[in-house]
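Reading through the structure tokens given below for one structure.
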């Protein structure tokens, strides 16, 4: 009889096993989210993230990368070595092709670029651009641009440039330009406010300029030359008295040679000096105030400490310097250098033909350049900087009004609003714009997923989604484009605190970053990096050539990766997540058409039928497609290009997941080691007469038969009849009805199906054959033989042994009996070993006893004793008499009796020999007794055999009653019990059966219990 257990009871018996297979064989690709780590080709995203070795990308939290083709994006980021790039808060990228962009950036050497506040670059080929920018570790080809800029090597050096406030450049070919610029040693040049260029071939141009000896030139307000062959131009210019070839031109200029110098010099036709210690050199040159210098035809220095050099040059601001034809320095402490250049603002500098520095402390360098606001810098032909503290560097570079603290660097680069001159690639007059691939023919995007004979047809378009521009505005028109930077030919930053680097790159909205040729970052806080990389939604990230991210908080990393929808992540070349949300695709061509899903591995796809709703195995949990899936492979599917109609096929593929730790919680994955351990914990105990052998996870159950002949028995088991009557029950939770499926808490009727295959029909019998194994017999010499069931087994007595077969009745049952006994008369014995021997007379009384070292003759005479020869031989009466009668009858010496012995000595020897003979006879008696005991034990063993066969038959019949019911996909475990009584012996067996599918064989786990009374 057997009863199907409920699902709850099955779970109690078997537990929950979850096995997940797959992986990335050959590359070890790992994705770790939140506080986790990925190794080899790893990508780690989230709190405490770490991604180690080649092609690693770690994004967010305490991101760390450590090598490979590393990229680290996010707070506390580091990407240490390899082709590193670190972008964002606390970013560091240390060595080799290192690039670090953003707050607290470092980059430390090799081909470094560090771009952003507190940026450092530290070494070979470095460029550090932005607030606190520093490059050192002996500089090499470093360029530093921005507030706190520095280069500062103490050795090695080579081609160093520092541009911007607090700049410093130390070493070979060094140039420091702007702010507190310094360029110390070797072919140095310092241009701008606070400039210093100390030693070999130096030049300093601008406010507080200084060039300290060797071939020095200092041009500008507070300029100093202080050295050999120096030239000084501008306010407070100076050289020492003993320098060679020194020239000082400008306010406070001083040469001080060994010969007394004129305190004012005016040279040229119609030149005029009207002030203390002034100098005017050139036709119609005028020095109209104290300490002024006018050098050149029609030059004019009209305000104290002003310097004008060049035909028609005019210095009209206090302490100003104008150098070049028709130049004007109209602002206090301003410097204009270049034909028609104008420096109108306080401490401003205009360098280049028609350069114009309008704002206070502004710098305009280059033909037609314009620095139109306070603390602005314009460098390059036709470059324009309108925003406060803005910087425009490059031919036609421009920072528009509102570009507060913004930077435009590169040909036609731009920061400001979209206008007719500076148009966006992605905009039209309508606020809703269409973003598409450059060669796209339509805007249509289709995604078609439909199972076809187990396959999926997946159609997609490479077109972009339409997006809406959401540029923020500010009531402060001076700060609409604050802190924005555009670097590269045609680069444009249209928004607030945006960064565009690369030819024709664009950064829209606020806090966006676009890096790469034609890269476009649109959507607040979005980042697009790579050639033609695109973002169009807030917080989106696209990294890689042609990568696109068009959903909020979505990420696309990899060549031609595409993401549409919110909170998606696509990592790998040609990855796709379009029309879904909250999904992840990792690996080349990986894709998901389900929201909340994950696809891992090359060509992997998260695809199921949208109507899929099947309960989980064992746990019976139900889920829908909306909950998503995780896929590490793919079924066969096709991708159709909607423009060309071309169909790409992807063959089905599965993967192993390796290096899986053992699970603990119910929803954890288990590894193969846990599965093997679970199988090893299964124990089958054998009842008496049954043997269980286990090899690995395979159990073999057999009969253990010891004894004599028995025929093959037949046991008949009559199963309970099949019950076709429906049963109505009112079960409690998880209570199984009599027949049918489980019901939880409701009253219902179950109707049984037809009898299961293999289950006997009502009234039928099951015949079970018990096959006994041969009985092995080994003799004293080690010779072996076997007796098979049904064959004759003869016990034949040897010399002096007789066997007798008969039957006896035991407990009312007739059983065979075999007697083995010694013959009454023993013949042919060479020796008998025994511990003692008793020889009885005819009256039954003990007469001769041999035991130990003593022989008792029982007062009997030993007859026919031959005369002894050796010392230990027995003597007869004849020998004794001869000894007594003078010992003349002894013919030879024995061991004890000798010719020269006395009679007493010979008698003693005879007594010893008799005792030895007695001990030998006793030993023979013991051996015969032991032989009797062995024969008796053999008889008892044969008698027990029949009882064991009874138990074997009962146990085997109980085992044979066990078998599973028909396959049920919702209940793959079955349990059964069997019972049998055979010749008064009872046995019970329990079994468990598991079938993964209907086609596969059963795993059977069976226990036979000890017999019952």
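Every residue gets a Cβ built from N, Cα and C, even glycine.
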Tell me which range among 711-765, 766-820, 821-875 TrEMBL lists as region 'Disordered'.
711-765
Could you check if the domain 'Trimeric autotransporter adhesin YadA-like head' (551-573) is in contact with the domain 'Trimeric autotransporter adhesin YadA-like stalk' (862-884), meaning 3+ Cβ pairs under 8 Å among residue pairs at least 6 apart in sequence?
no
In the domain 'Trimeric autotransporter adhesin YadA-like head' (581-604), how many residues does DSSP call helix, how many strand, and how many coil?
0 helix, 8 strand, 16 coil
Treating G and I as helix alongside H, and B as strand alongside E, what does DSSP give for the domain 'Trimeric autotransporter adhesin YadA-like head' (169-195) in helix, strand and coil?
0 helix, 11 strand, 16 coil
Can you tell me which parts of the same chain pack against the domain 'Trimeric autotransporter adhesin YadA-like head' (371-394), counting only residues 6+ beyond its ends and a CB-CB cutoff under 8 A?
145, 163-164, 177-178, 345, 348, 350, 352, 355-365, 400-413, 415-416, 478-479, 481-482, 487, 489
